[in-house]
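Undergrad: I have a structure here, written as C-alpha cells, and I will follow up with some questions on it.
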Amino acid sequence: MILAQSSPLRPISANGPVLELKNLGVAYGRGAASVQVVHDVSLAVERGEALGIVGESGCGKSQTMLAALGLLPRGGRITSGQVLLEGQDLVGRSPRQMRPVRGREIALISQDALTSLNPAMTIGKQMAEPMIHYGGMSRSAARQRCTELLDLVGIPGAAARLASYPHELSGGMRQRALIAMAISANPKVLIADEPTTALDVTTQSQILRLIDSLRKELGMALILITHDLGVVAGVADRVAVLYAGRVVETAETETLFAAPRHPYTKALLDSIARIEDDVAERLNPIPGLPPDPRNPVSGCAFHPRCEYSREICRNALPILEDGTGAQHPVRCHVDPFVSSSLRAVGGAR
Amino acid sequence: MAAITQTAPATNSFGRTVVRHVLSNPSLAVGLAIIAAIVVLAIFADWIAPFDPLHVDPLARYQRPLSGWHVLGTDELGRDILSRLIYGARFALLVAILPTVIALLIGGAIGLSAGYVGGLWDSVVMRVFDVMFAFPGILLALGISAALGPGLSSMIIAMVVVTIPAFGRIVRGVVLGIKEELYVEAARTLGYSHTRIALRHILPNVLGPAVVYGTLQTGRNVILSASLSFLGLGPQPPTPEWGQMLSSGRTAIATAAHVATIPGLAIVLLAVGFNLIGDAARDMLDPRFTKDRS
Amino acid sequence: MLSFIFNRGLQIVPVIIGVTLATFLLAQIIPGDPADVLLGSMASEEARQQLRVALGLNEPIYVQYAIYLKNLLQGDLGQSFTFAQPVTQVIVERLFNTSLLAVAAILLASVAGVAAGTWAALRPGSVRDQGLSVIVLFFNSMPSFWLGLVLILIFGLHLRLLPIGGMQDATGSSGIGSLVAHMALPTITLAAWSLAVIARMTRSSILDVINSDYIRTARSRGVSEVRIVLCHALPNAMPSVITVIGMQMGFLLSGAVLTETVFSWPGIGLAMYQAISTRDIPLIQGGILVLAVAFVLINFAVDILYAYFNPKIKLG
C-alpha cells in the first residue's frame, strides 16, 4: 500500500506519546473581558492509539484541539501549557513555523463537511493544493494521488469526482472527501472533530468504521472529539471526558463504560441508553445546561446539575486524581460509583 | 442628526455615556467636530464673515490667498472667497440635510405601508422602485432638475425623488422581517388597530436602520448637490453656493487655481464630516463591521 | 445556465419599459408650455403649433406616450436644437467615446480596488489597512469634478506631464500614445469613487469569509496565509464584489457627465452638459434613456457573471 509506507524522516521507534498536551489553557479576549474556555487540560495520545474526547457542546473539546493546531479563531489565545509533538513544543511557534506541522504531522477533520469544503473549488483542486504547492508534486502526480485517496475512502468513480464541486456530492461523500484530504499527507495524528454529527445514522457508522480502518492501516494516532459516548465506544482505546473546559475523567474505554467514576460520565452513559428508547431525548440528555464560560461556577463546575452534590462541591475545585491506582483518574469529591461509603453520603443528602 | 444633538453635555448619566462613547471613537468625534464647526459658521455667518459675500470689486479680481485683506483670496468678480464659503455653508448644509429628511419621511412612509399592507400596493411600489434604481447615479436627478428648470427648489425636489427608493426599500425590508414576529402577532390578537401596530411596534424598529442610512445619505447628498450645482442646476449666480463657486472658478484654473480648488476643499471637508458620522452610526447598528476592524 | 439567462432576460423587459415611461414623464413635468422649452424661446407660434401636433401634445397623455414609444422603436429620440441634429445622431456619434472612458475606468477601479482591498485584508487592523480606510473615506468624500480639477492642476499645469483635455478623436487615429495620454486623467477621475467602494467591499467580504470552516480546513492542511486569502477567500468573496462592481457601472455612466465636462471629453455626458445650459430637453431625455438602458443591460451581464462565479447558481 503506497499510503501506508512511512516517510524516511519519521523515527521508527520513538517512545512516549506522539502528541501530548500539558496543562493547556485557552482564553478569549483580554483583560477584564477575558473568558477562560479551557483550563489546565493534560492529554496524551500514543502512536497509533485512538483517544476519544467526550463532552457536551461548549465544554472546550474543539477549542483544545484547535489550540493544539494553532488554529484558534481571532481573539483566542493559549494562556498556559505546552503542546508537545514528539517532544517538541508547538506553543509560541509562528504561523510560518506551524505550517509544515499542519496536515503533515497533525491533520484535522471538521464536523460539517459542507461548510468545511471550499464551495468555489472543485474537490480535486482543493485536495491537490498542498501536494502541488508544498509537497513538490507535479500536477499529474497529485491528480493520481488524489484519485487513489478518494478510492481509499470509498468514493466510487474517484477520478470523475475530482471535477465535482462540494455541493454536487452527498453528505456522506463530502465527509469522505474531507477525510481523504486530511490523510493526504500521511499525518501522524488525525484529529476528527465530531466527524459524524451532520450525517444520518447509517452513514455515521460507515464513516466511523472508515476512520478507524484508516487509522489502523496508516498507523496514525486518532483523536476523536464527540458529544456522544456511543460514537467512541467502538473506536477509541481510551476516553477523556471534558466538562466546562476541564478533564473530569480519563480511562480505558471498557473501564469507563463498565465502571464510570464521575457523575457526569454516568449521566452521559445513561443518555446513550435513553437515545435508544427515544431519539428526541438526545437533544438534552442531562437535565440543565453546561455552565457559560463567561460566568464560571464555583467549586466543581458540575455541582449544580449533580445529584450527588455536597457542600464541598460548591466551594472547592476537586483535583484530577487517580485514587485507585488503576490508570483511571477522576476529578470528583464524591466519586459515588466506586466508594460505597461516599455513595451513602450522597444518597443521604 | 440625532447623534449630534445627543452630544450636548446632559446632566444625566445617559449624556455622560454618549460623551464617553463619542470620545472613545476618534473618527466619530472628528466627524462631529467638523459638522459642528460648519454649523456654527452657517448660523453666525453674519458675524463671522469678514466681507459681504456678494460685494463685487472689479479692482480686486483673482487675488491670491493670504495676499492682502482677503484670507482665501478673491474670485473672478473680486468677491471675498472666505465670506462666500461661510455663507455658502448655509446652502451646503441645507441641501445635504433637507432632502435626506424629506426623502426619509416620504420613502419611509411608502416602505412602511408597502411592507405592512403587502399585496398589490407592495408590488406596484416595488416595480416603481426597480425602475428608479435602473437610472444610474445622478442621471435621474439631472433630468428632473433640468426639466423643472435650474434652481434651489427643483434641485431639492430632484434629490428627494431619486433618494426615496433607497429609504423605501430599507424600511420595507425591516418591516417584512419583523412583521411576522411574535409580539406583533400578540398585539394583533389583542384587537389593536393596524395603525397602532404599525406605529407602536414596527416604527421603533425601523427607525434605527433608516436613521443610519440617512446619515450615510447625507454625506452622499453633499456630493450629489455639489455635482448638480457644478452642472449649473443648483442655485444660480450670484448665490454663494460651493458647487457653483467651483464651477465658475473652473475657467481660471490655469491662472487662479484657488478660486475653484478652495470651494472643492470645503465640499470634501463637509462630506468627510458626514461620512465619518455615517460610518460610526452604521458600526453602532451593525457590529459586524466593527468586528472586522479589530 | 441558458435558462437562467433567459429568465433573467425576461425580467429586464418591464424595467426597460418603465425606464422609457420615466424618461417620457420627464418632459411632462416641464413647467409651462413644453413647446417653448423643446423649441427654444425663439421659435415662432406656427412652429410651436406644428410641434404640438407632431408630438401629439394636444392628445391625451397615454396617446402621447404611445407616440413616444413608436418613435423610440424607430430610433427617433427627437430633435436636439443645441446641435441642430437628431438626438439619436448626437448620441450615436458620442457613444463610443463615453463607453471607452467608462470601460477604462471600471477596469482600473475593479483591478486596483480588488487589489487594494485584498492587500488590506491580508493584515486587518494594520497600518496599511487603516491607511486604506482613510483613502477610501477621502475618495468617497470627493466630488469627481474637483478631483479632476486637482489632477489637471498637478499633472497638466504644474508637471506638464499629461494633456488636460481637448481630445477630439478617440478612434486612435492620432496614435494610441496620444489616446492613452488623453485618457489617463479622465479615467483616474472617473474611477476614484468606484475604486474606493470596490476596495472597501473586497476587504470586508474577504474578512467575512475568512472565518469560514473551509478556510480553517485549508489552514489545517498547511496552506499559506497568502494562498488562503488569494485562492480561498477571494474567490468566495467575488460574488458580492461583482455585485458592487455592477452597481458602480451606474455611477461611472452618470459620472461621465461630470468627468467629460471637466476634461472636455467628447462624449454623451459633455453633450448633455451643453444641453443643460440651453435646456435642450430632448437631448437630456435621450442621453438619460440610453445610459439607463445601458446600465440595465450591464447589470444583466453582471448577473450572468455572478452566476459564473457561483457554481451553485450555474448548475441549479
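Glycine residues also receive a Cβ, built from the backbone N, Cα and C atoms like all the rest.
Look at TrEMBL and you will find C:95-306 tagged as domain 'ABC transmembrane type-1'. Under the heading transmembrane segment, TrEMBL lists C:12-30, C:100-122, C:134-159, C:179-199, C:251-276, C:288-309.
Walk me through where these features lie, including what they touch and how far apart they are.
TA: For the transmembrane segment (C:100-122), same-chain residues at least 6 beyond its ends with a Cβ under 8 Å from one of its own Cβ atoms are 128-129, 132-133, 135, 170, 183, 186-188, 190-192, 194-203, 206-207, 210, 225-226, 229-230, 233-234, 241, 245, 248-249, 252-253, 256, 259-260, 265, 267.
Away from its own ends, the transmembrane segment (C:134-159) comes close to residues 116, 165, 184-186, 188-190, 192-193, 195-197, 199-200, 255, 258-259, 261-263 of its chain (Cβ-Cβ under 8 Å, at least six residues beyond either end).
Within its own chain, the transmembrane segment (C:179-199) has Cβ neighbours under 8 Å at 100-102, 104-106, 108-110, 112-114, 116-117, 120, 132, 135-136, 138-140, 142, 144-145, 147-148, 151-152, 155-156, 162-167, 170, 172, 241, 244-245, 248, 251-252, 255-256, 259-260, 262-263, 265, counting only residues six or more beyond its boundaries.
Under 8 Å from some Cβ of the transmembrane segment (C:251-276) lie the Cβ atoms of residues 80, 82-83, 90-91, 94-95, 97-98, 101-102, 105-106, 109, 143-145, 148-149, 152, 164-168, 170, 185-186, 189-191, 193-194, 283-284, 287-288, 290-291, 294-295, all in the same chain and six or more residues away from its ends.
Outside the transmembrane segment (C:288-309) by six or more residues, the chain places 1, 4-5, 8-9, 12, 15-16, 19-20, 23, 26, 72, 77, 91, 95, 235, 238-239, 242-243, 245-247, 249-250, 253-254, 256, 268, 272 with a CB less than 8 A from a CB of the stretch.
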